[in-house]
Amino acid sequence: MPAGSRAGSRLRSGSLPRPSRLTLKALRPAYAPRTPDSNGDLDTGSELGPGSPAPTAEEVEKEMAGPSQLCIRRWTTKHVAVWLKDEGFFEYVDILCNKHRLDGITLLTLTEYDLRSPPLEIKVLGDIKRLMLSVRKLQKIHTDVLEEMGYNSDSPMSPMTPFLSALQSADWLCNGEPTHSCDGPIPDLSSDQYQYMNGKNKHSARRLDPEYWKTILSCVYVFIVFGFTSFIMVIVHERVPDMQTYPPLPDIFLDSVPRIPWAFSMTEVCGVILCYIWILVLLLHKHRSILLRRLCSLMGTVFLLRCFTMFVTSLSVPGQHLQCTGKIYGSVWEKLRRAFAIWSGFGMTLTGVHTCGDYMFSGHTVVLTMLNFFVTEYTPRSWNFLHTLSWVLNLFGIFFILAAHEHYSIDVFIAFYITTRLFLYYHTLANTRAYHQSRRARIWFPMFSFFECNVNGTVPNEYCWPFSKPAIMKRLIG
């Protein structure tokens, strides 16, 4: 279909907003400078040449309603006044047309910033938004005029502000996914996007750099912390209070629930299942390097805090079934050998590791809760079964710790609280880009600033096969 017939069909169907009002018939052959008339309004008649009378408002109205069209370049202040009245902005005709002499070209380049800032300083937010919507309709119709003047959608000075581009291309995320379609395909988040910082537009690109060297550094960090924790556990075992002198402290849960001998083993079984689920999610996730880095940094930080709480205060054993006595390791090498045994056995009774005195706070609760939160955060929200299973394993694991009388209730509560708060604080900072360049964030959270400086925004839940296809599979499926 020819371009003219297509444009005519669009005009007849009404798909364009008031086209006969926005492009008008040519009123005069040439442009001449405008001068104020005796009433203070602009004398648009000067454009007709010397001695030509200025058109009245009724004449301009008639011309605008006519079948012919006038290029917006030839719009005068009276045309803009008629357009403003037609759009319902009567109260702004005087300030825009008479006082500030807004013609067609200047109307086309009007921005929301112009309306908010001096000399206009319009105070009514609704009027600002409605006026800008009307102006953007004009800009959309007259994009050829804007491009001729050097304004285009790629230009940083374009009146078609980056805000519109951000609304059209931004991906609003929930749990790492678009909110409008959590079950649909994940859009490409590597494209440039816009954001507001301190009231101004800032152009930034979504970055999700894997930075494997930082991931390796975070793994080294967490392994060093685990080794240090094992050594502290050896020291606190030497300082465990005598059971005859310091009996178990009163505890509401432990006093009310009888001990289940096999419960602590079930806690570690729950932890192993959660660990396998997390390893599977980690392998299949597209941004596995970022996920592993975050897990190691968070786990290392929580266990480093646990080292201090264990060391500064030694609580009495929580039950008479625990045959814990202060065990003295003679030399430093013996302590290191015992610490290596705890470290290599992951501190689990399933691997034959038995410790005493490491009560404030529960390391098993930390691991269970951290794995649960990572599984639920980095899997799609629609995977309800997996999320329910993860929470069931977490809560049952905590219950089994208390049912086995291996920890006081306060140990479990503090561990759960610290782990969840640290996880949520970390991800809130990571998902809020304004904190990435914050001096306060760099001072208070130096490790966070180091690990997350090149992760710009929420990590989307995208999955891919981590291994290369075998040669025979490539030949079969391409």
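Glycine residues also receive a Cβ, built from the backbone N, Cα and C atoms like all the rest.
Residues or ranges marked as region 'Disordered' by Swiss-Prot: 1-65.
For 1-22, the entry in Swiss-Prot reads compositional bias 'Low complexity'.
Swiss-Prot lists 75-141 with the feature domain 'SAM'. Across all of the domain 'SAM' (75-141), the predicted model scores a mean pLDDT of 87.
What Swiss-Prot records for 216-236 (among others) is transmembrane segment. A Cβ distance under 8 Å defines the sequence-distant neighbours of the transmembrane segment (216-236), meaning residues of its chain 6+ beyond its ends; these are 292-293, 296-297, 299-301, 303-304, 306-307, 310-311, 314, 329, 335-336, 338-340, 342-343, 347, 355-358, 363, 451.
Summarising the annotation, Swiss-Prot assigns transmembrane segment to 264-284 (among others).
Look at Swiss-Prot and you will find 295-315 (among others) tagged as transmembrane segment.
Here the transmembrane segment (341-361) has long-range neighbours at 226-227, 230, 232-234, 236-237, 239-240, 264-265, 268-269, 271-272, 306, 309-310, 313-315, 317-318, 322, 324, 407-408, 410-412, 414-415, 418, meaning same-chain residues at least 6 beyond its ends whose C-beta is under 8 angstroms from one of its own. The transmembrane segment annotation in Swiss-Prot covers 341-361 (among others) and rests on sequence analysis.
Within the chain carrying the transmembrane segment (385-405), a Cβ under 8 angstroms from the stretch's Cβ atoms is held by residues 253-254, 257, 259-264, 266-267, 270-271, 273-274, 277, 318-319, 321-322, 362, 364-365, 368-369, 371-372, 375-376, 379, 412, 416, all 6 or more beyond its ends. According to Swiss-Prot, the feature transmembrane segment maps to 385-405 (among others), an assignment based on sequence analysis.
Residues or ranges marked as transmembrane segment in Swiss-Prot: 410-430 (among others). Tertiary proximity for the transmembrane segment (410-430) is limited to same-chain residues at least six positions away from its ends with a CB under 8 Å from its CB atoms, namely 251, 294, 297-298, 301-302, 305, 359-363, 365-366, 369-370, 373-374, 377, 398, 401-402, 441, 445, 448, 452, 455, 458.
The topological domain 'Cytoplasmic' annotation in Swiss-Prot covers 431-478.
DSSP states for the domain 'SAM' (75-141), grouped as helix (H, G, I), strand (E, B) and coil, give 48 helix, 0 strand, 19 coil.
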